[in-house]
Every structure is written in C-alpha cells, then in structure tokens.
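Since the structure comes first, as structure tokens, the remarks are kept for the end.
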Amino acid sequence: MAKRKEGQTRSASVDLSQEGVHWDQPMSYGDYLQLEPLLSAQRPGTAEHDEMLFIVIHQVSELWLKQCLHEAHAAAAHIASDRLRPAFKMLTRVARIQAQMINAWEVLVTMTPADYARFRDSLGQSSGFQSFQYRELEFLLGNKNAAMIEVHRRHPERYRRLSEVLHAPSLYDISLQLLARRGFALPDSVVARDWSEPYRPCDEVEQAWADIYRDTGRYWELYELAEKLVDTEYHFHQWRFSHLKTVERIIGQKPGTGGTGGASYLAKALDLQFFPELWSVRTTLEEGAS
C-alpha cells in the first residue's frame with residue numbers, strides 16, 4: 001500500500017491535470033451505454049417514493065434476463081457442437097447472474113405493504129407473468145407450455161420468438177442428444193420427440209446419468225455438464241422461492257395484478273423441475289461412486 005509523504009494531506013478531489021483524460025472524444029461512456037434512453041425509461045405513474053424502486057428492480061431484472069438468454073443460448077449451441085468447455089463458462093456466468101437476481105429481492109423487501117399499496121393501482125394489469133424474456137428462459141430450460149405465449153400474440157415479434165423457442169429443443173434436450181452421441185442408449189422418445197411438449201422423465205436417461213456419476217473420471221466432461229445444469233436449476237429454484245416469499249411479505253395472499261392467484265400461483269411453480277433425472281439420480285446412487 002502506498003504511504004503518504006510526511007506532511008501530505010488528504011484531498012477531497014483528484015488532480016486530473018496530469019492524467020491525459022480524453023474530454024473531446026466523439027464516443028463517450030454515456031453514448032456507448034445509451035444511458036440517456038436507459039435512464040429515461042423509469043416513468044412512475046404516481047408521485048410515491050417507492051414506485052421508482054419497484055420499476056428499477058424489475059428493469060434491472062429484465063437486463064439480467066437478457067444476458068442469461070445470451071449466455072444460455074450460446075451454451076446450448078456449444079453443447080450441440082460438442083464444445084463443452086466454452087459452454088461451462090457460459091453456464092457458470094448464468095449461475096452468477098442468477099445469484100444477482102436472487103439478491104435483488106433483498107432490496108425490494110425494504111418496501112413495506114403500505115408502501116406498495118400506495119401505487120399498486122398504477123400498474124393496472126401489468127405483471128411479471130407477462131415477461132417475455134422470463135418465458136423464453138423457462139422454455140429454453142425445458143418448461144414448455146404453449147398456452148403461455150398467447151399473452152404475447154399482440155406483439156408479433158415476441159410471439160414469433162417464443163413460438164420458435166417453444167418448438168426448439170431445450171438445453172436439457174440438447175444435453176441428452178449429446179449423451180446419445182457419446183454412446184449412451186437413449187430412446188427416440190427422448191432424443192427425437194416433439195420439442196414443444198413438456199419433457200417426461202425416462203428410466204434410460206436416469207441410468208445414463210447414474211453411469212456418469214459412478215465413473216466421473218471416465219466421463220468427467222459429462223459429469224461437469226450435469227453439475228452445471230444442476231447449478232442452473234438450483235439457482236432458478238432459489239429465485240422462485242425468493243419471489244414467492246417477497247410477494248407473500250408485501251401483498252400476502254392477494255391475487256396478482258396480471259390475474260393469477262399471486263402467491264398461490266407462484267407456490268405451484270416450486271414443484272417444477274427442468275432436469276428431473278439429475279435430481280432423482282442422487283437418490284439412487286449407491287455409496288462408493290467415484
């Protein structure tokens with residue numbers, strides 16, 4: 001650590017005269033990040049102090065969802081091409097982003113029920129249930145439900161995008177196709193199915209993962225892929241649980257603004273699994289797996 005010279009006093013500002021700062025460049029920090037439109041996008045419907053927090057939290061979450069999709073789609077493409085190392089980095093990044101999104105609930109719960117009640121009517125029927133990026137991420141991870149895209153029909157580009165992801169293999173489907181290419185005997189009902197339908201657990205898939213977990217040295221890459229997928233789902237469940245408890249803390253059991261049952265609807269999602277055999281295999285593995 002640099003030491004102050006004797007007699008040197010602390011300053012409240014930094015002398016930039018010797019720093020060679022580029023004051024006149026055509027591309028500034030704000031220009032590059034498009035801060036003017038970004039920071040102009042917070043438009044509270046009331047004068048209530050806490051509405052700004054509510055808007056910012058949700059806008060930041062949408063930005064993180066955009067990055068999650070960027071990473072998860074790229075990871076899926078790498079897995080489909082048998083390039084697992086870059087996929088691992090991207091899935092690790094998804095998990096780190098998810099941790100940020102989970103922590104964001106800790107900021108939102110500084111808002112009390114009374115605070116929220118003062119501006120809730122300004123939301124109208126808008127709801128996080130309508131987030132097209134969240135829906136795309138759920139589809140990509142495997143929670144397929146064609147009915148969920150109907151709310152976006154009046155936005156043709158969003159509807160087209162969600163329909164495309166709905167009918168494409170999920171991250172788990174792509175991972176199971178990789179297992180088949182690596183020699184594991186998986187049925188066509190797993191590797192060549194109707195991708196728009198929800199995935200159904202399969203004994204052969206659990207057996208394949210069990211073989212991988214029993215011999216991690218032989219199947220190290222596939223074992224690491226399995227754990228990256230588990231990390232992703234683990235964090236997703238944490239996010240869902242934090243969402244549920246935040247809603248319960250702020251509005252109790254009131255219905256959601258978008259027409260769902262609110263907390264009761266969110267509670268149902270806690271039982272959903274993206275990668276079921278990666279959880280069930282933990283029960284069936286015997287001691288001594290290496």
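Any Cβ shown, glycine's included, is placed from N, Cα and C.
Curation does not apply to TrEMBL; its annotations are automatic.
Matching T216, T232, T257, T260 to the substrate binding residues that TrEMBL gives (F54, I55, V56, I57, H58, Y116, R120) identifies T257. Under the DSSP three-state reduction, H243 (heme binding site) is assigned to helix. Looking at H58, R120, H243, the binding-site residues in this record, the fewest other C-beta atoms within 10 angstroms of the C-beta turn up around H58. Residues F54, I55, V56, I57, H58, Y116, R120, T257, recorded as binding substrate, reach a greatest CA to CA spacing of 18 Å. I55 (substrate binding site) has a Cβ environment of 17 other Cβ atoms inside 10 Å. Counted over every protein chain shown, other Cβ atoms within 10 Å are most numerous around F54 among the binding-site residues F54, Y116.
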